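Feature annotations, reproduced from TrEMBL:
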type: DOMAIN; residues: 42-291; note: domain 'G-protein coupled receptors family 1 profile'
type: TRANSMEM; residues: 27-51; note: transmembrane segment
type: TRANSMEM; residues: 63-83; note: transmembrane segment
type: TRANSMEM; residues: 103-124; note: transmembrane segment
type: TRANSMEM; residues: 145-165; note: transmembrane segment
type: TRANSMEM; residues: 198-227; note: transmembrane segment
type: TRANSMEM; residues: 239-262; note: transmembrane segment
type: TRANSMEM; residues: 274-293; note: transmembrane segment
Amino acid sequence: MAEGNWTRVNEFILMSFSSLPTEIQSLLFLTFLVIYLVTLLGNSLIILVTLADPMLHSPMYFFLRNLSFLEIGFNLVIVPKMLGTLIAQDTTISFLGCATQMYFFFFFGVSECSLLATMAYDRYVAICSPLHYPVIMSPRARAKLAVISWFPGIPVATVQTTWLFSFPFCGSNKVNHFFCDSPPVLRLVCADTALFEIYAIIGTILFVMIPCLLILCSYTCIAAAILKIPSAKGKHKAFSTCSSHLLVVSLFYVSLSLIYFRPKSNNSPESKKVLSLSYTVVTPMLNPIIYSLRNNEVKNALSRTFHKALGLRNCIP
């Protein structure tokens, strides 16, 4: 419906990977479907095992369980619709559906940045103040830290999504991405968005870069503490307790930086789609794998859980 010199948009079209041949899209569908199922299974196992095994009731695994919840939510927001665009060519998404997808994308993304910083702080306390660790990371304290980690996603997602979708949109409703991310949707706006873009930059600094700096500070202190340990065995043990988290943080921030902090001239829409897959699809799948393969406690807990399940099954007449 025309209003003045702009058109009210009731739905958007996700261009996704429509420029690729049908055979390639079918192959991508199968690949992403497998990754999606592995992500859901892996993160669900982490949640179940860290809840069921008493040996994994420490603060580190409490935060890991929260991370797995975030990764599952992150995937549920983006991947099912992407799979639909690939196999059923269902590229349309309603105005409300697009806003909802963007809201939860921001919510889970910001919450993950905060949670990764909280997990780095947990490792800092464990290595630099081991005697005070049980007191500092008491059940009440870690519950508060988890709430603090999840909370920033709510105001950021609410303000950014509400503000962006209150703008008038031009006649074109084609979003050149596989989900409703802010930059491609913003290109369809028929209004001055300078103030919104300043807000987006400030939000990125506050809720993405500051957590990253806190993580760097934590690991600088951790590295200094590890170097003071006299024995090589002690150094290896201390490093092994935080190596999985450090690898997860590296994967998340490197992929995020390649999208949002490269010069615009180097960012073609197709390259952004491919790079976006790294933190929206691939990283959530790798996180439980990293923690399972690089952490003996998780591997042993998984083994105990499977043995218990098989033992119970064998007892059934």
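In case you wondered, yes, glycine gets a Cβ from its N, Cα and C as well.
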The transmembrane segment (274-293) vs the transmembrane segment (27-51): 3 or more CB pairs under 8 Å: yes
Positions on the same chain near the transmembrane segment (198-227), where near means CB under 8 A and six or more residues out: 110, 113-114, 116-117, 120-121, 123-124, 127-128, 152, 156, 159-160, 163, 182, 235, 238-239, 242, 246, 249, 253, 256, 260
Interface check, the transmembrane segment (239-262) with the transmembrane segment (103-124), three or more C-beta pairs under 8 A: yes
Surrounding residues of the transmembrane segment (103-124) on its own chain - C-beta under 8 Å, 6+ positions past either end: 59-60, 63-64, 66-67, 70-71, 73-74, 77-78, 137, 142, 145-146, 148-150, 152-154, 156-158, 160-161, 179-182, 207-208, 211-212, 214-215, 218-219, 221-222, 241-242, 245, 248-249, 252
Local confidence of the prediction over the domain 'G-protein coupled receptors family 1 profile' (42-291), expressed as mean pLDDT: 89
